[in-house]
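Taken from TrEMBL, the feature transmembrane segment applies to 12-34, 54-78, 85-109, 203-225. Per TrEMBL, disulfide bond is recorded for C147-C168.
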Amino acid sequence: MGVKTLKALKYSVMALNVLIFLCGIALLTISSSIQKQINTTRLADTIGGYSMPAGSILAIIISILFLILGIAGIYAAFKERYKFLIAYSASMAFIFLIQIITGSIAVSVRNNPKFPQMIRDKYMSDFSANSTNEAKRDHLQEYFKCCGWNSINDYITLDTLIKVPTSCCKDKTTCNVNDLTNLFDIPCKDPIILYVRHYIETIGISLIVFGCVNFATIVVTAVYIRLLKDNI
């Protein structure tokens, strides 16, 4: 019975590590896509204590470790390498802690009732006539095809003049900031909040979901190690 149980656990650990390897591929695809979007939109900022670029880069690192450890776990289980399995389990446990902590922070920030206010505090000052970050503002307005944080009125100065940047123009070749029909008519707050929420939510949930697979692998491997020790 003990030999059959050991054999069943052996192949269970191998199967779970195949799943870990596949999770690594999936997480690498997701996190690389998010990092590319962050670079494209230039929304590489820290919101509520959570750094969007750091979160996606960490997910990329974890996915690569999943690929390596998935192969290592299959090898260690197949060859019944007791010490190798202990080192493998310790590595997976460490990664699991990082996954859960980072994922929980991301999800808590995303679910914070003050999340829209956090985004507003971070970006609203860029969308004004006196913006000190014009390059980023212009890029965001052109990328999202929007104008102002709340509306075009964000560019009204104290003397009631409207200083609209050319990045608000739909057609740059015939741009006339005084022609309201040629200006983007949606505020930038909606797409920016939507995108930032998407970035944080995707990475956070991915880390937690794949962390559950990691945890299951750790538990089964721990049982396998214990039985393997008794049969050495």
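Keep in mind that glycine also has a Cβ here, set from the backbone N, Cα and C atoms.
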Hey, which of 12-34, 54-78, 203-225 has the most Cβ-Cβ pairs under 8 Å against the transmembrane segment (85-109)?
203-225
By a simple count, how many Cβ atoms lie within 10 Å of the Cβ of C147 (disulfide bond), its own Cβ left out?
26
Under 8 Å Cβ-Cβ from the transmembrane segment (203-225), and at least six residues away from its ends along the same chain, one finds 6, 9-10, 12-13, 16-17, 19-20, 23, 26-27, 30-31, 34, 52, 55-56, 59, 62, 66, 73, 77, 82, 85-86, 88-89, 92-93, 95-96, 99-100, 102-107, 109-110
State the three-class DSSP label for C168 (disulfide bond), counting H, G and I as helix, E and B as strand, and everything else as coil.
helix
Including all protein chains shown, what's the count of other C-beta atoms within 10 A of the C-beta of C168 (disulfide bond)?
24
